Amino acid sequence: GVGFKAGVKDYKLTYYTPDYETLDTDILAAFRVTPQPGVPAEEAGAAVAAESSTGTWTTVWTDGLTSLDRYKGRCYHIEPVAGEDNQYIVYVAYPLDLFEEGSVTNMFTSIVGNVFGFKALRALRLEDLRIPPAYSKTFQGPPHGIQVERDKLNKYGRPLLGCTTKPKLGLSAKNYGRAVYECLRGGLDFTKDDENVNSQPFMRWRDRFLFCAEAIYKAQAXTGEIKGHYLNATAGTCEEMIKRAAFASELGVPIVMHDYLTGGFTANTSLSHYCRNHGLLLHIHRAMHAVIDRQKNHGIHFRVLAKALRLSGGDHIHSGTVVGKLEGERDITLGFVDLLRDDYIEKDRSRGIYFTQFWVSLPGVLPVASGGIHVWHMPALTEIFGDDSVLQFGGGTLGHPWGNAPGAVANRVALEACVQARNEGQDLAREGNEIIRKASKWSPELAAACEVWKEIKFVFEAMDTL
């Protein structure tokens, strides 16, 4: 007879190992698992470990040619989710040897590959990953990081200000450049290509790059400050993307941009390496993230996509605004903001952080708050995000009744007022509106902005709860 026992496997015999002591080199994953009715938690957890590592549905004779114990993923802990009747957090440990060095693509193909279509599960969500130093050290990470960016731009002690150029599609390159110039001249640090501006018939990329570079140099000459515009280098092929980044580099501008999820991790990592080699900062937009992270029970939480970006490389990444939303969501957002910026982040389940993460001097990423914010939000944003952030006001700049430059002035005055008030010991949360009102007395631009966006409040339920 054959020398192995053929037949369909009972996963939990091999892959459920509650006594396993995790190694410092293991990649650890926390999955939110919703099994099909009648599937026990241990079997579901073991199935996740198996399907995302070495397992297949039946015993194969080639199993005998390798050491499964060395290479298999292990489900080492299961805990029920409070308030849900059939949902579990399943912890899986993966041996480091399963992953190619320096490849986010390969890491995700294994951990969030076929397993998400597995029939025994109703739903599956990857909540968090612990990336061990042994693996993170195989990545270059962000092209420059927070400190180098501040030194390049000569801007310290405050958040940076940005603005997305609108209308996002339809402007000619020259008019687009005019809009950029007005914003930068008024006091913003950056303007931004919208994520869907690539190279369309009404505005080809090379024309846009040229007119935006002209706007940058003109605004720098006028203000004596270093300016930037996130030139979106995202393209249909990696070769074309690098060509666009190279043109930006030739123009001498400080920063380019990439849509990292639609562009893909392989393209993003290539661009990130190019940016470090050529002294370009890299701004990352997360278009498509909600397709992956919005459902509570299925998909991948954004904190994992954020960690993946820090490995793949980017100097800025969009990370939500928090403002006016519920407290729980604030804690969770600040959790992944810390994962982006800090070197060492303690496990803290109240902030959605399932594992202690130690990046070991991998450069940090600036979180970008963007979307629906205006001058009245400035005190809250300054308090929540602190100095190491980029605050982006698209409509909150361009919607100013007097035009782009006064809109930029209003935002800069509001920001400087908030930073000064904070440094003098005022409580931004309590006295925010008063600080803005006081500043608007000597800035007609800010006063006009305050009038347009009277103290608006957002009233939606939090999507992202624990």
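Note that Cβ sites are derived from N, Cα and C of the backbone, with glycine treated the same way.
According to Swiss-Prot, the protein carries these features:
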type: ACT_SITE; residues: LYS166; note: active site, proton acceptor
type: ACT_SITE; residues: HIS285; note: active site, proton acceptor
type: BINDING; residues: ASN114, THR164, LYS168, ARG286, HIS318, SER370; note: substrate binding site
type: BINDING; residues: LYS192, ASP194, GLU195; note: Mg(2+) binding site
type: MOD_RES; residues: LYS5; note: N6,N6,N6-trimethyllysine
type: MOD_RES; residues: LYS192; note: N6-carboxylysine
type: SITE; residues: LYS325; note: site 'Transition state stabilizer'
Item to complete: Whole-number Å only: compute the distance from the Cα of ASP194 (Mg(2+) binding site) to the Cα of LYS168 (substrate binding site).
Response: 6
Response to the item:
If you count the other CB atoms within 10 A of the CB of LYS192 (Mg(2+) binding site), including all protein chains displayed, you should get 29
Item to complete: Can you grab the distance from GLU195 (Mg(2+) binding site) over to HIS285 (active site, proton acceptor)? Cα atoms, rounded to a whole Å.
Response: 7
Discussion item. Among LYS168, HIS285, ARG286, HIS318, the recorded positions in question, whose Cβ has the most other Cβ atoms within 10 Å in this structure?
Written reply: HIS285
Practice prompt. Rank the binding-site residues ASN114, THR164, SER370 by the number of other Cβ atoms within 10 Å of each Cβ, and give the residue at the low end.
Written response: ASN114
Practice prompt. Could you tell me the maximum Cα-Cα distance in Å between the residues recorded as binding substrate, namely ASN114, THR164, LYS168, ARG286, HIS318, SER370, rounded to a whole number?
Written response: 37
Worksheet, complete the sentence: Rounding to whole Å, the Cα atoms of LYS192 (Mg(2+) binding site) and THR164 (substrate binding site) are apart by 5
Worksheet item: Which of the recorded positions HIS285, ARG286, HIS318, SER370 has its Cα closest in space to the Cα of LYS166 (active site, proton acceptor)?
Response: SER370
Response to the item:
With neighbours defined as other CB atoms within 10 A, the best-packed of the binding-site residues ASP194, GLU195 is GLU195
Worksheet item: C-alpha of ASN114 (substrate binding site) to C-alpha of HIS285 (active site, proton acceptor): distance in Å?
Response: 26
Worksheet item: Once LYS192, ASP194, GLU195 are set aside, which residues in the chain still have Cβ within 8 Å of the Cβ centroid of the Mg(2+) site?
Response: THR164, THR165, LYS168, ASP193, ASN196, VAL197, TYR230, ASN232, MET257, HIS285
Discussion item. If I take the alpha carbons of SER370 (substrate binding site) and HIS285 (active site, proton acceptor), what is the distance between them in whole Å?
Written reply: 10
